[in-house]
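Per TrEMBL, the features are:
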DOMAIN    11-118  domain '4'-phosphopantetheinyl transferase'
BINDING   Asp15, Glu68  Mg(2+) binding site
Amino acid sequence: MHNGGMESILGLGHDVVDIAGFEKQLNEPGTRLRGLFSARELRQSTLRGESKADGEAVHLAARWAGKEAVIKAWSEALGVRDAPFTVDNMPWSQIEILDDSRGRPGVVLSEDAQKMLYESVLGTINHGSAQSVQQSRIHSREESASDTDAHLEWRISISHDGGIASAVVLLAKVE
């Protein structure tokens with residue numbers, strides 16, 4: 001998945017979601033839960049639910065577990081440093097869990113969230129190419145031949161079985 005450089009694991013996150021409880025909350029009148037997902041996440045979850053005949057909520061619950069696991073991995077990578085967000089301003093909609101063309105999940109951060117990640121974890125501003133590298137990974141899983149600077153990469157696995165959705169996320173520094 002990377003260009004053969006040195007890789008250091010900075011953070012690990014795991015989360016499980018009760019699908020029935022999540023679906024109940026998703027369908028409550030006035031809920032804001034749906035607004036924590038991007039249009040792309042909603043579209044992919046709807047299409048996957050239709051193709052698998054198991055409903056949108058199952059796939060949104062797995063993506064929600066992914067978002068939670070991303071935050072946990074990010075928080076672990078911070079060590080003793082303060083988080084750039086609180087419970088009240090968590091950047092949920094800026095963290096996308098999207099499938100590539102082969103159906104493999106990936107983590108895509110908005111430009112603002114990507115900058116926040118680099119500043120908080122590495123103490124540097126995103127060096128410009130990281131967002132494009134991150135975006136290209138979700139679509140093609142190929143590395144740029146010119147990508148020789150250290151950058152951060154996400155690894156994610158999401159699943160659901162019975163009434164539980166689960167996600168495991170690694171945050172790695174690649175040099």
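Keep in mind that glycine also has a Cβ here, set from the backbone N, Cα and C atoms.
Look at Asp15 (Mg(2+) binding site): DSSP puts it in a strand.
Secondary structure at Glu68 (Mg(2+) binding site), as computed by DSSP, is helix.
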